[in-house]
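Report on one structure; see the data block that follows.
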């Protein structure tokens, strides 16, 4: 018989951390902590399998669940010494969600469950605090009613405001026990009016209502969006943990807090967290009261007057510090813990691997390995390669010395600039239109997720380092500044004021998430230093990986950046990018307008010296490393103007007949340019272009060698072939040019000729093509377009729908479609190697910078991956992880 | 040691008909005839291997060729009784080309070789005819000089005209022996002046010059074009046959002629041919003199006054008739023969399988099988399926009773109408621009091939049934009327006059190649009857084939035509074709402009009854046979207007806001529509379209069954899927609609859901897709576009270059690319069958009507092919040939 319910508490547990899939992160870790003998309020977890059953059977439960829950409640009562539903000594519980992966704030929670008109009186007696009891009761009624009964928060908030207004009160703290009792009564009336039945008084009815609500919240809109953003499968489901309540808000010897075993922002090895005396956990997380530091050191660093936990509750602090240390050692990773102190007694409510910034993840992994807690391989596997992106983002140039507008908490590092926007939905809209925005909010809520993802950075005026905005921004790697109290937001006027200035929607600001600063306008940024832990981990990764990492680059700036980021060559230099600048485009257009090969040759002769100079610079920058140069690829109409105005302008500038220009543009225009007259097809039709490009490449190689003293490693790549004859044709052309260059210079530049494999037919004919090609580079962008029949430029119209309806698991232009495109790549590799063992195989599509795709390329045994320069470190780490046999996943 | 030279003559031969590849058609058949003991002038053939050697070695010969030729000349001299080069009794020879496949008129020939200033005198003495000797000499000088020495015909013709003009002569027959001697001397002067050396007098020098010229003519421009048109590989090469001359122009007991063992136009079993008394063979073929009939019957039928060969040379006729019969029985096919009578003695110069019209080929094959000469399977294999196209072309409606402008010879059957054009190059140009033209010439020459191919039909004013125009037109299956003497062409004015009327370039005429008539204007045409031999052969083919043949059709007219042509169902009904008519397009546009699903549903509701009526008609016409209906496929922008004028017009017509219409058109426009928002992607995004179409189909099926009493065989086909989830989505949609229809009507229409396989990824995922799909239809058009990355609409810009440069053997949109697209089809079939044994597999791309592709589909074991209605008979025959294990080839 399937076991649906797992008990924990009193030094024992049915489950353990190993049962994360079944019990969720929270449930598994509570079981683990209980088994370790740590002080955990007793409880039980209903498994994720119940969730699966729930959705598979029209939101009903397994038949035997109720009996198991009853048994667990009985055991809970035995440990607590009083039973659930007992009226004179109430056992209150919390009901929480807990999925395999952390989804903070996405699903529903109900606290203080078990309170009713009778037990609230009992609670008041036991706590010797009537005000606390009725405050708890009215909170419970509001929470239960919104989560389980579907009422809106504002219905309760409005009633409370009206109640206070009628009495001339403004702060909650002014309300007495009697007030709260009246408010609770008011709240019950609201429920009865809305639902046509009284607020449920039966504890078991309350419990099952809450369990159902938590399971249902797995499919709420924000949870769905969160899963999509984080690639969490829907079928994982959530567990539900029911746990005895402890109260951090009973008195001044009560407290609640959250803490990390290391600094989640910097990775520094220091206990790091916040707490509030006489508060419930939600008060810390919600950011409504600004919390106090856990340690004295942090308090001093933050310049706070209010006492740290270390000073205020020294014994509890010592106990907590020891537990934190034990948990980190036990889990071999930085922990994120929640705790409550009830009347001087410490209770651990949760522990989990802590979310951290990219730099912190790096430092923690390197430190843990240096401390001997984990191996270097584990350190490599601990870092989500995509998180390195944060390290590679620009920071504010210290020399810029910008005037600081306001300061707040450095909630998530990195700097960002953009237009001010006050609404998450609008942030999404503007970002979709290509605008860069900074989302400015008093505080953020789970509903804002989409807008936070779309924004360059987030600024809030309230809340601390563990507020919603801070936690989510760190997870996303977005710069974030929190709690900037000096800024006053006026949502209605869509503006904020600070230091006597007014900023409106659309005005530019810069935020520095590392320093917690806000600056007016857009500020000069600086590239990050790639040293310290980054260099250490990269060094370990480079030793662990098998695949080489190259960059897609053709400009001197990009190529230099690529080499600085550790690229081991250029995997794709797009020669056409060199065709667009200044006078070059004029010569290119002359070539296109020429009536015959002689006319084209004359125009190409003008391009030759420019291309040669470009290539020479590339070879010099990448001296000692291979450089793959792709011959002209795009259709020629891309170089021509199209609108009548542009045509007239260009014709005048180049002294050409506008009619002829228009005519040629019309002749060259295509229905499906992606499948048109481009790539090797241009080379076959206009061999003189190959002739010029081959000459430029080979002469540049000779010139670069003369400068550097090292022979250039030249790889000439032919795009868009679908069979060997095309490649033979171009190869012969290149060979003839090489022979001419040798005759003229007396030097024999060495070079290889290879091809992009970017059409399905090329994959099928790979064996034959490999008879001629000395290397392959998979062009997985175009291969995805042709294999799936999806134009990347037009896919927006339906890929979204495909994702929503679950037809495509991931965007195939981001992560390679292993089942389709992947099979073609594998098949091509196999066939090519059968004909030419040891043929060099690489990939230069966008997938070259995607960790999941890189894991696949490792499995195919490609020799190298090539990606954009800023992705090179990501690719190096992902390649190492792939070599260690693990696909990249987040550490969170 | 390789044998380069093969002797024949005097009842013996080194070679035989089996050595066609080595000796060419002519040489092999001369050897065969010689070995059969038929009267063949002795000679020898230099093999095609010498041609291959010639081109592989800079136009030089194998070292031992000269010795072999000398030996063959010696043997020739022994049989003839006098040696080549002997001056007092000259042995003259012809030097002719002869490739594996017949290429009439494409390569060069030299006759009367061996004549010089001495031997011409000897010939005069032996022939007792000085005029004949000098006439032959001047012909030889002109022919040799143009073929071997590269002079132009007009240089000689001009001199001859000047000579005659100076003497007041107009006709060649007025010239005496002395005149011809002077003309020969003039011609020699022309040669000496042009080449700076005297006309060669040495017979061996003449011979090697001619051999070299014939080999060289293999690569002349018109031979290259002919090979491209007929898919003849360049590496086959030509043989050269050197043969003793016999003279049909020695006296009135001499004659020359050509004949077929059956009528090449109708296939009737009757000796059929033409001859000329006292003439050389070229006079018959060139069409300069109008020849006489071979048989009395033909003379009477033609209403000619001039005697037939049967009457004029009765003994020779009897001998020839016996030989013809023997040759047909020996070769088991209709023969095309050339013969010469020299002073009362019959010599056979050539025999080969005769070219014939499509109807004749059909009749001959059926007759030969009925006569027991060949089997039914051989009869099936004898017909080039593409030649059936001629039978399926329209003929002039007899009820039209058009006024006949002029009559000529019915040279190639079928009727055609078009604009008059007088120049072959212009015919090509206009045809390329989509215009239909009739090429009108006094006579045609090999240079006109391209224009003849481009024209709808050909009309000549001179020449007979075996003239160049007639032979080539029959080979091409083009209607042709020859020898319309009443028409006088004026090339300079680009017009012709007939019966007092004047017709200019661009005027419309109709020709009837079956009746030999010319009609002013464009005349009503009629569909052919598909009875007689056609029905017989199709019956045999239907028994022999394994694959079913369906048609791609959606209109009632096309579907009826398809069923008449023997289609066994509809393989592809394109529902979008039904969306364009009248009010439908308005509803379609309303749907596109709708803001939400409700708006789309309202518009679709208007389309439902129309679609249902269409489908019902389809089901009724195809009653008892399967009908595959494809759901909406094209991108929606295809239904919207695009230019501002059109938009304004449409907006006004449908009462819509032009701005909104423009906006929507812009939103929907795509960079690569072929890879865009179409096919199943529309179904996933707008399920209400599927709902409407499924309902229309299922309700139509129920209605049709009520009318016909037979349940419709409904196959619903989903286009452009690349994986199973899309198909699952649509299938569920269809199932839900079917359930609704059942609930409403109480009837359960049976249907199958399948998919087009037209993307490379779909081929790879075929196994998974087959778990849901009940049938596949390969959409090889789009599969070719995606597998090769070639847009069919844009391919014109480079496929021509690819063909010229030998990179692609055939247009992949005409004949399936077996190596690429073919492998995908094969792989998909294998994977699909592994998951769902017996899954029905078909193909509905253009390749379904291409015999070479059909042979491939047979090899994959597809269940059916589907093609356009007019291609159905071609597909039936090609499928039979494929089943018999032979790919389609021409009988010629």
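Using the three backbone atoms N, Cα and C, a Cβ is placed for every residue, glycine included.
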The substrate site in TrEMBL includes A:574, A:758, A:779, A:780, A:781, A:782. Which of A:630, A:833, A:836 is also listed there?
-> A:630
Residues that sit under 8 angstroms from residue A:630 (substrate binding site) by C-beta distance, when 6+ apart in the chain | A:572, A:573, A:574, A:575, A:717, A:718, A:719, A:756
Within the domain 'Pyruvate phosphate dikinase AMP/ATP-binding' (A:21-58), residues counted as helix, strand or coil by DSSP = 24 helix, 4 strand, 10 coil
Spacing of the two Cα atoms, residue A:782 (substrate binding site) and residue A:844 (active site, proton donor), in whole angstrom, works out to 11
Under a Cβ pair cut-off of under 8 Å, which of the recorded stretches A:21-58, A:61-299, A:318-364, A:533-882 contacts the domain 'PEP-utilising enzyme mobile' (A:436-516) most often?
-> A:61-299
Sequence-distant residues near the domain 'Pyruvate phosphate dikinase AMP/ATP-binding' (A:21-58) by C-beta distance (under 8 Å, 6 or more away from its ends) are 2-15, 65, 69, 72-73, 75-76, 79-80, 93, 96-102, 211, 215, 218-219, 235-246, 323, 326-327, 330, 345-352
Close in space but at least six residues away in sequence, with Cβ under 8 Å from that of residue A:844 (active site, proton donor), the same-chain residues are A:550, A:552, A:571, A:572, A:628, A:756, A:777, A:778, A:779, A:866, A:867
Could you tell me which of these binding-site residues, A:780, A:781, has the fewest other Cβ atoms within 10 Å of its Cβ?
-> A:781
If you average pLDDT over the domain 'Pyruvate phosphate dikinase AMP/ATP-binding' (A:21-58), what do you get?
-> 95
Secondary structure of residue A:758 (substrate binding site) (DSSP, helix/strand/coil) | coil
Residue A:781 (substrate binding site) to residue A:468 (active site, tele-phosphohistidine intermediate): how many Å between their Cα atoms?
-> 37
Fewest Cβ neighbours within 10 Å, where candidates are the binding-site residues A:758, A:782 = A:782
Between the recorded positions A:468, A:574, the one whose Cβ has the fewest other Cβ atoms within 10 Å is A:574
Rounding to whole Å, the Cα atoms of residue A:780 (substrate binding site) and residue A:468 (active site, tele-phosphohistidine intermediate) are apart by 38
